[in-house]
Amino acid sequence: MTYNPAFDGLRAFAVLAVVLYHLSDRYMPGGWAGVDVFFVLSGYLITSILDSEIRKTGHISFKNFYIRRFLRLAPAFSVLLLAEIIIILLRGPLEGQIDEVKAIAISALYFMNWNRALDLWPQGDLGHTWSLAMEEQFYILWPMLFVLLPGRKKIFWLLVGLAGVTIWRYYLVALGVDPERTYNGFDTHSDGLLIGCILALWRVPSGLKRFCSAGWWLPAVGLLAIFLFAPHRSAFTQSVGLTVTSLLSAWLVIAAAERGIMARALSFSPIVYLGKLSYGIYLFHFPMVVLASHSPMWMKIGLVAISFLVAIVVYHLVERPVGRFKSAFSVATRKPAIDLDELLLSNRSIAGAPQDRRS
């Protein structure tokens, strides 16, 4: 297992698409698709980590898995929520800020996706935490299913799940359900997570690997077209768009693992660094956009630039120091120099291991 910086490069472009989308969906109406790139990466990496552990130890330590997840995600998220709480306290009495308090509680409970899907309560400037809720629900369900599903049948059941998600979404769309329901519901927008899991388990034929590496520009152009022309409430997005976006992202994952021209470009150090900051950028940019929602574009851009600086500070002073404790809960306890959450399996991760091992 070796670290592949190209994946951080993918994260960089994904988060930039999301930021541009939030700045103005007039210019990038399909920037939502950046989140689906993250979903594919998460499904792929988490499944790879689980597979690595079960191959090394014969079992999965749920305790260590969830501690690692907590140490990876909670520090920066806690900074965001703490900042929100401080702002509320500085504004004055809580009685007039009940909606803001609810939004913080919903985000902290990783329930924002369902809050948006069912239109339960106002989301304030924390609506973007819906994707964190999706990821957390995936982290809760998938490790248990990973252990329970037979090794050689995991891909089959993941394909069944993927078919079920897409058919269920099509059905709800046909009924005329609000697009926010299908976009934010875990049951209707887990395509990317499932496809990422399948990719981690699948032994990709060598010929297909070479084709994906040489033809990396095809999914890149496809994603760019989605970024520029596919609003998240459009018929395309609600029907096949989510699945198509995830499949294109999976193609890029294969190409990145092949270490070809695309992977080398994505491994350019400034791009990699931006990818490492992507979680913090995602967390902190949206409240700034909401704050400047009625301001001119130059002010929005300025506040988003400040959020990038906040992400840098939080990454170096909070995320990295806390993240060092994860090695104590890693499978490789004797030599924890490499963080499993930063690992990408090398070429063998996608194509070199027998299918029953990539389970």
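Every residue gets a Cβ built from N, Cα and C, even glycine.
TrEMBL tags one of the stretches 122-140, 236-254, 331-349 as transmembrane segment, and that stretch is 236-254. Listed ranges 6-25, 266-285; the one TrEMBL annotates as transmembrane segment is 266-285. Distant neighbours of the transmembrane segment (266-285): 4-16, 18-19, 22, 38, 73, 76-77, 79-80, 128-129, 131, 256, 304, 307-308, 310-312, 314-315, 319; these residues of the same chain sit at least 6 beyond its ends, with a Cβ under 8 Å from one of its Cβ atoms.
Through the fold, the transmembrane segment (214-230) approaches residues 17, 21, 28-31, 33-34, 37, 236-237, 241, 244-245, 248-249, 251-252, 255, 260-262 of its own chain, all at least 6 residues removed from its boundaries and within a Cβ separation under 8 Å.
Per-residue pLDDT, averaged along the domain 'Acyltransferase 3' (5-313), amounts to 95 for this model.
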